Amino acid sequence: SQYSAVDTNPLSVYIMQPIWNKIIKIVPLWIAPNLLTFSGFVMILVNYFLISFYDWDYTASGTSPGLVPTWVWLFSAFTTFCAYALDSIDGKHARRTQSSTPLGELFDHGLDSWATSIFVLSFFSVCSRDNGKTGVSVYTMYIYLSIVLFNFMCSHWEKYNTGVLFLPWGYDISQVVLITAYLLTGAVGVEVWQKPFLFGYYITDVLVILLIGFSLFLSFPQTLYNIHRAYLKKTLKNDSLYEGLLPLVSPLLLFILLTVWVFLSPSNILAKQPRLFLWMVGVAFSNVICKVIICQMSSTQPELFHWFLFPLALVVYAAISGLLGWTEDAVLAVLTALVTAAHLHFGVCVGRQLSEHLNIYIFSLKKRVRE
């Protein structure tokens with residue numbers, strides 16, 4: 001299917017696009033677009049692990065403000081900008097080098113589906129965990145992450161039904177907000193997040209309110225409107241309501257299971273292991289959405305239940321019934337490692353299958369020689 005995306009965000013159209021059009025001219029023509037996509041993702045990962053090293057349990061900013069060195073925040077601003085730039089120019093570069101392929105589209109959106117959670121998890125280190133005075137509770141973090149992932153899911157569910165990806169306005173805004181937040185933290189220190197900003201509200205409160213407002217009153221209604229418009233124009237990809245709603249089943253069940261675990265865990269697992277738990281949420285979500293993206297690109301039907309829901313349901317049941325007891329942390333760690341390994345394995349396999357099928361290399365513009 002031909003890739004079509006629509007971007008109507010003024011920030012993107014009038015400010016960012018002209019910048020990307022200048023940057024793209026520097027990129028050598030022999031570089032494969034997927035290499036740009038992948039480099040951006042690697043930068044996000046490096047930045048995430050760097051912040052995790054200094055702030056494993058999200059308490060550094062709230063308890064001892066100097067714990068994360070200033071250069072780390074400036075490095076975060078730099079890597080976030082680079083990843084944003086690379087993610088914005090990879091498609092332009094593919095058109096420039098006439099190497100646009102379904103593999104590139106899947107690679108781009110697949111990595112985006114994972115990067116989305118990593119951006120959020122890195123940002124939590126800035127505002128830090130609730131320490132009684134300032135910061136954000138781990139439950140707010142979980143809900144915040146869920147809303148961001150819900151937004152990402154909506155735009156791909158919309159494309160599954162309409163065939164067009166309406167780029168969410170939130171994306172460019174969130175990237176600019178993230179970069180600004182890191183620069184501000186680097187310049188002024190994390191203390192800026194710990195003083196009331198407006199009418200006794202903290203900057204973090206304002207951001208949470210904006211995010212929820214954006215999602216519920218702008219993104220989600222826009223998605224429903226675009227699907228409704230396609231329905232009226234008779235351009236919907238799926239005939240039945242069942243088929244149209246099918247991609248939402250697994251993500252919603254995933255969210256329900258995880259939420260049950262978060263709020264009914266006897267050992268309060270999210271408070272004990274916020275980093276592991278939220279990472280696992282992001283990876284599991286990414287895998288579920290990648291399946292939807294593949295179905296949408298190949299015009300096939302997604303399965304009703306994603307495989308991960310079965311082991312997860314068992315673990316959640318064992319945890320909340322008290323069966324796991326003191327091993328809950330260890331079981332979470334094993335589950336997280338397995339899900340991450342399974343997701344990487346899935347990505348490598350799909351990439352290899354597609355590159356063989358399309359007779360191209362993932363990271364090179366050279367043509368494969370047929371055996």
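Numbering starts at 1 and runs along the chain as it is shown here.
A Cβ is built for glycine as well, from the same backbone N, Cα and C atoms used for every other residue.
Annotations in TrEMBL come from automatic prediction, not curation.
Model, not experiment: these values are computed from the prediction.
Here's what TrEMBL has on this protein:
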- 26-50: transmembrane segment (TRANSMEM)
- 70-86: transmembrane segment (TRANSMEM)
- 136-154: transmembrane segment (TRANSMEM)
- 199-220: transmembrane segment (TRANSMEM)
- 241-264: transmembrane segment (TRANSMEM)
- 276-294: transmembrane segment (TRANSMEM)
- 306-324: transmembrane segment (TRANSMEM)
- 330-350: transmembrane segment (TRANSMEM)
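Across the candidate stretches 136-154, 199-220, 276-294, 330-350, the maximum count of CB pairs under 8 A to the transmembrane segment (241-264) is reached by 276-294.
For the transmembrane segment (276-294), the most Cβ-contacting stretch among 70-86, 136-154, 199-220, 306-324, 330-350 is 330-350 (pairs under 8 Å). At the 8 Å Cβ threshold, with sequence separation of at least 6, the transmembrane segment (306-324) comes into contact with the transmembrane segment (330-350) through 3 or more pairs.
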